[in-house]
Amino acid sequence: MEVNLNCYDALALDLDGTIYVGDEIIEGAQETIYKLRSMGKKLLFISNTPTQSRIDTVMKLKKLGIEAAIDEVLTAAYLTACYLNENCSDCKVLIVGEKSLIDECQKLGIPCTNNPLEATHVVVGLDRTFTYETMNRAMQAVINGAALIVTNPDPSCPVAEGQFVADTMAIAKAIEVAASGKITAIVGKPSAYYASKMVELLKCEPSRCLIVGDRLETDILLGMHLNIETCLVLSGIAKKEHLAISSIQPNYIINSIKDFIL
């Protein structure tokens, strides 16, 4: 079924796998964003990445030829910092993650520590320098009673040429198993917390919104939780064979975001 853009006032657009893959823009994405803006659509770029702050994301989009304001961007790194700020008073956070996650937490004044005996929370995001020492430190904190907070539930993410790399959940599960603990919260899509922040920023009736993304278990499930219509793009993780065996079904399926302008 063809997507009738006239039915929607706002679109929440996933990034990796939808607008770009790794550092490469998906063909037609720039033109599609331009068309959506020219039609007066409100746009929100929604990402589960913990390795980019909102500013990082704005700069990456600009480098790819897409203009976006900082309040048009949600990332898992930013929302994890917000979650801690709102829900974890008097916390001391041990972060397993990269600079963007640390920066977002520091911007909100969240106290951080590398001492596992001081940590009240262990926050896990993708860490491409993850080591045994890092895992052991996080494990000790969880054994000592620290809550295990995960930025996003993705076990892998797409990169160029159809390849994949390990993502946050692969690291989080290693820590969880080592500590014989349990993940306390996952902040990223499709969590209720992510959903509430997205709706807050869209300021639009759910019936007039469309979520566009490449993952059934995050982007499409997020829409199902909110009763917002969804469009799956086949330019990222999910493929037609996944649809055949999944209970999570989008309202629309397109090959890529450029189909909006064909």
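Each Cβ is built from the backbone N, Cα and C atoms, and glycine gets one as well.
Annotation comment: TrEMBL describes D14, D16, D214 as Mg(2+) binding site. Sequence annotations record features per position, and here TrEMBL assigns active site, nucleophile to D14. Taken from TrEMBL, the feature active site, proton donor applies to D16. Under the heading substrate binding site, TrEMBL lists K189.
Summary of the Mg(2+) site environment: with the site residues D14, D16, D214 set aside, the chain residues having Cβ atoms within 8 Å of the Cβ mean position are L15, G17, T18, I19, S47, P158, G213, R215, D219, V233, G236, I237. Geometry remark: D14 (Mg(2+) binding site) versus K189 (substrate binding site), CA distance 10 Å.
If you measure from the Cα atom of D214 (Mg(2+) binding site) to that of K189 (substrate binding site), you get 12 Å.
Rounded to a whole number, the C-alpha distance linking D16 (Mg(2+) binding site) with the residue listed as 'substrate binding site' is 13 angstrom. Under the three-state DSSP scheme, D214 (Mg(2+) binding site) falls in the coil class.
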